[in-house]
Amino acid sequence: MESYLNQNFDVKAKHSSEEALEKWRNLCGVVKNPKRRFRFTANLSKRYEAAAMRRTNQEKLRIAVLVSKAAFQFISGVAPSDYTVPEEVKAAGFNICADELGSIVESHDVKKLKFHGGVDGLACKLKASPTEGLSTTDPSHLSQRQDLFGINKFAESELKSFWLFLWEALQDMTLMILGVCAFVSLVVGIATEGWPKGSHDGLGIVASILLVVFVTATSDYRQSLQFRDLDKEKKKITVQVTRNGFRQKMSIYELLPGDVVHLGIGDQVPADGLFLSGFSVVIDESSLTGESEPVMVNAENPFLLSGTKVQDGSCKMMVTTVKLNGVATIIGKIGLFFAVVTFAVLVQGMFMRKLSMKTHWIWSGDEALELLEYFAIAVTIVVVAVPEGLPLAVTLSLAFAMKKMMNDKALVRHLAACETMGSATTICSDKTGTLTTNHMTVVKSCICMSVQDVANSNGGSLRSEIPESAVKLLVQSIFNNTGGEVVVNKLGKTEILGSPTETAILELGLSLGGRFQEERKSCKVVKVEPFNSTKKRMGVVIELPEGGGRLRAHTKGASEIVLAACDKVVNSSGEVVPLDEESVNYLNVKINEFANEALRTLCLAYMDLENGFSPDEAIPASGFTCVGIVGIKDPVRPGVKESVELCRRAGITVRMVTGDNINTAKAIARESGILTDDGIAIEGPVMARSSPMDKHTLVKQLRTTFDEVVAVTGDGTNDAPALHEADIGLAMGIAGTEVAKESADVIILDDNFSTIVTVAKWGRSVYINIQKFVQFQLTVNVVALIVNFSSACLTGDAPLTAVQLLWVNMIMDTLGALALATEPPNNELMKRLPVGRRGNFITNAMWRNILGQSVYQFIVIWFLQAKGKSVFGLDGPDSTLMLNTLIFNCFVFCQVFNEISSREMEEIDVFKGILDNYVFVVVISATVFFQIIIIEFLGTFASTTPLTLVQWIFSIFIGFLGMPIAAGLKTIPV
């Protein structure tokens, strides 16, 4: 069956074609309650509508922007209209209101901006400082600002009430039909037998329907609350903000107009605002306008819109405005066939009986009720046959795993990612911050052609070994050519802000006696080219402090790339000399030596621009003078080697993909346990020194060879989207930039490779939990269908009534899903080989267990039908009712003990860890409790009668006997 589905429909976990989804949806045309069934699957018609609406809105927005620009160009010669500050704003001490601020940025109104005195003028009117940020020493002032300008949150959509979920659950077609049956039963029963005797059957069905509906609605409502909590977690974003003169991390929800926000590559603009300062800022506005062409933002075009992304460069902005499924369907169709045939057989038997009695033209009320009961049984068979609990079990298991993984520092953004991770056969991991601690320090250097061990020396001794002219060059390069910053925090202590690499280099500059603020103030920055994964270097052009307009370019980056751009070097005397072949070979040897010690190497170089330079030009790519090479240590995280070994034992191959030097990559890979004696390291475009597109190509190639490929990256605008487009099974991102987070299916919040292994374990748990539930549910399906069908064919009667079948449906659907779908993972899961995409979901072991249990239960029930009365000495008018009650009780207890057996599909010990899952214990206890209530106290409604102690013991024994049979079945090899 699965191979047929795979061959004919090819529906993937993600990136399925519209044609495949449409074909699948057409096959699933006849289902119970499609609105509920397909709640978490793609709604194709709505998708088309949304796409069309998105295109229309983007076009409208694009036209609006163009029209507004044209209008402002037209009126640019006209003086701006007088602006009157509202009294409440003026009373609060501000000179501009939220509406005016919003109109400036949203309309890109340069004229209005100039009218208000530019960015500095607006800052003054907002009582803010472009350098110090907002002052929040007075809490009342902060709340006053919030009241006037709002908070940085969208109005959240109202949570669907419980009653709406109740209404959705009532939309189930089979429950509607049963409701009609109950109504007719009530009318006919009361008309023929009077009140209350004639209402019992009808009210029994009504009570069962209400119970099913309430349990279903409660389960769905709880899921919606869980997903809402997870959605809030996904929206938690922090940004770097300067407030009270100090740079600090802050939630975007706390931002207010006047705040100074620091943005870099990969960041999302958290609110509407204006550019204060920065270099080479390129913004991707496609999410708002639909235009793929990036926008340059600078002092002439200072407008930044909320939700857009920083594609290149870095800047400071001032905030101005804040924002107020296949198996189930096929089984269902089989059940529908059995229901129709069962109804036909029962009706045919009734007609034959009446024909033999010559009463086929005469119909009594009791016979009408009997016909109605037959119809209700047929409809209930459909209820039991369609595994409504399967999508519920999948969603419950995934939601449960998502919630638990949050505690393990993994945020799952897409439900299917949990299951996909469980099938992973290959993990392609980034190095920095995932396999390593991302806490870097300079431990070795080769400055002025002389090697120094920085780790074992203090700054003074290192400085004494370097010529003074070279120290000045080095400090100038470190403090000007950086994306980091050295600040004084609230406690008066020096603090370094920036990426781990920048922090390590800045620490070296401070140890050499450099003063960050003094150095930055002494030089005027002319142009900055930030680091990105393609160029693998960054550069800056500065105007030197000596006067005369002399310009100098500094560059730093991957050692072999920057060294190749050099034709001169600073020697041990501090003199600039030509970089001959011998010097190049010497430096390359040092680079390889550092790399072999698992050090990340960076080369620092400079060039005096004698012929002038325009900010519109690119920084030269050659002609530099090499100052030195530094080796940065980024230790491997504790536990990584053990986690990699655990992956290997679990059949998951770990590959490291990094932009580092080949020797650095090999050293880290060996230390992590990834590169073994028989392993290989690939250089160039594919593994070490790989670009984002190389990683994209690699993952694509692996995807054709292996089942599920998981890619892990912490990079921003480049790696994450490239890997996401490679149609990998799963994209993981460490908690880096917002672009990396958006492109990832799972976000590793603690940047730890061990967490990835935990996610894999949870993924396998989800997959196996769903398999357990399917095994349990299919057993109930098979037995319930065959028992009622065969009994109807052979005896003309069905032993299980509509109300009883609805209770069985409750046990195997909602309660079964709750019990089996919430099993926590265990360490044994990582000792099995992965299933992979090509593995069958319903395994041979599952079919063995399903068929074995089904045969046992069918034999028991058939024996009771044939010999039950004589074995238990049942006679009299209530003997049939007593026997059917006993059959019903045995059937339910078979399911209770089969549910326990289903906790393990291969292992015989099914009680291991059972008390750790309190949900399972509660469900089993509740099932037994309500079964006693139904048998002993609800006989009139459920068509049961109280049983003797012997009959209760027999029922429990028959159910329990299924457990050793299940254990015996597990010893049969398949």
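Keep in mind that glycine also has a Cβ here, set from the backbone N, Cα and C atoms.
TrEMBL labels come from automatic prediction, so no person has curated them.
Quantities reported herein were computed from a predicted structural model and do not represent experimental measurements.
Per-residue pLDDT, averaged across the domain 'Calcium-transporting P-type ATPase N-terminal autoinhibitory' (5-49), gives 57. Per TrEMBL, the feature domain 'Calcium-transporting P-type ATPase N-terminal autoinhibitory' maps to 5-49.
Among the features that TrEMBL reports, domain 'Cation-transporting P-type ATPase N-terminal' is placed at 116-185.
According to TrEMBL, the domain 'P-type ATPase A' annotation covers 236-324.
Summarising the annotation, TrEMBL assigns domain 'Cation-transporting P-type ATPase C-terminal' to 798-970.
The annotation transmembrane segment is assigned in TrEMBL to 173-191 (among others).
Sequence annotations record features per position, and here TrEMBL assigns transmembrane segment to 203-221 (among others).
Positions annotated as transmembrane segment by TrEMBL: 326-351 (among others).
Here TrEMBL flags 371-401 (among others) as transmembrane segment.
Beyond the ends of the transmembrane segment (846-864), by six or more residues, the same chain brings 771, 774-775, 778-779, 782-783, 786-787, 790, 799, 871, 883, 886-887, 890-891, 894, 898, 901-902, 905, 958, 961-962, 965-966, 969-970, 972, 974 to within a C-beta distance below 8 angstroms of the stretch. The transmembrane segment annotation in TrEMBL covers 846-864 (among others).
Tertiary neighbourhood of the transmembrane segment (879-897): same-chain residues 776, 779-780, 783-784, 787, 799-801, 804, 807-808, 811-812, 853, 857, 860-861, 864-865, 868-869, 872, 924, 927-928, 931, 935, 939, 943-945, 947, 951-952, 954-956, 958-960, 962-963, selected by CB-CB distance under 8 Å and a gap of 6+ residues from either end. Annotation source TrEMBL lists transmembrane segment at 879-897 (among others).
Here TrEMBL flags 918-943 (among others) as transmembrane segment.
Residues 848-849, 852-853, 856-857, 860, 872, 886, 889-890, 892-898, 900-901, 908, 910 of the same chain, all 6+ positions outside the transmembrane segment (949-969), place their C-beta atoms under 8 angstroms from a C-beta of that stretch. Annotation comment: TrEMBL describes 949-969 (among others) as transmembrane segment.
Look at the domain 'P-type ATPase A' (236-324): DSSP puts its residues at 7 helix, 48 strand, 34 coil.
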